[in-house]
Amino acid sequence: MANLWEDLETGPDAPDVIYAVVECLKGERNKYEYDKDIPGVVLDRVLHSNVHYPSDYGFIPQSYYDDGDPFDVLVLVEDQTFPGCVIEARPVALMEMDDDGEQDDKVIAVPEEDPRYDDVEDVDDLTDQQKAEIAEFFETYKNLEADKETAVLGWGDAQAAKDAIEHAQDLYDEQFA
């Protein structure tokens with residue numbers, strides 16, 4: 001079985017078009033994580049708070065971010081996919097986030113093959129409501145976990161997301177290539 005983090009390239013035209021490996025599903029509370037040692041998707045925990053993922057959430061292959069994990073990506077989808085699904089996606093924003101004192105930014109992306117998002121190219125193309133719902137989730141999803149604190153610090157544009165992806169690719173190459 002292929003290792004989706006190490007064997008799959010970052011994307012067909014990274015950083016402009018990336019692969020997003022789905023771990024967590026839109027509308028669910030289950031926090032799945034890809035375990036490269038199995039390799040497969042395992043249930044990490046069920047969110048303690050009564051909140052649900054606002055969209056499909058996972059990681060970018062062959063990336064490693066400042067928090068010591070593969071780079072996180074939230075792909076805006078109308079309907080959930082499944083854990084382990086690989087989505088060809090276009091980065092449109094970077095949500096800058098702090099998780100317990102560590103930088104834990106998230107790439108916000110849209111599916112390349114969904115016509116509903118053909119006109120979404122940058123952070124300004126997202127509605128205020130979309131950004132508010134995403135931020136609300138990430139600011140509250142750990143509220144009922146002991147001694148956990150998260151904060152959304154701001155929003156970067158598509159270029160900031162692409163620059164962060166290139167940074168995560170460089171870190172991956174330094175650590176694992």
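Numbering starts at 1 and runs along the chain as displayed.
Cβ coordinates come from backbone N, Cα and C, glycine included.
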Same Mg(2+) 1 site per Swiss-Prot - residue from Asp35, Asp37, Asp104 joining Asp67, Asp72 = Asp104
Binding-site residues near Tyr57 (substrate binding site) (Cα-Cα within 10 Å), from Asp67, Asp72, Asp104 = Asp72
Greatest C-beta neighbour count within 10 angstroms, which of the binding-site residues Asp67, Asp72, Asp104 | Asp72
What same-chain residues, at least 6 away in sequence, bring their CB to under 8 Å of the CB of Arg45 (substrate binding site)?
-> Lys31
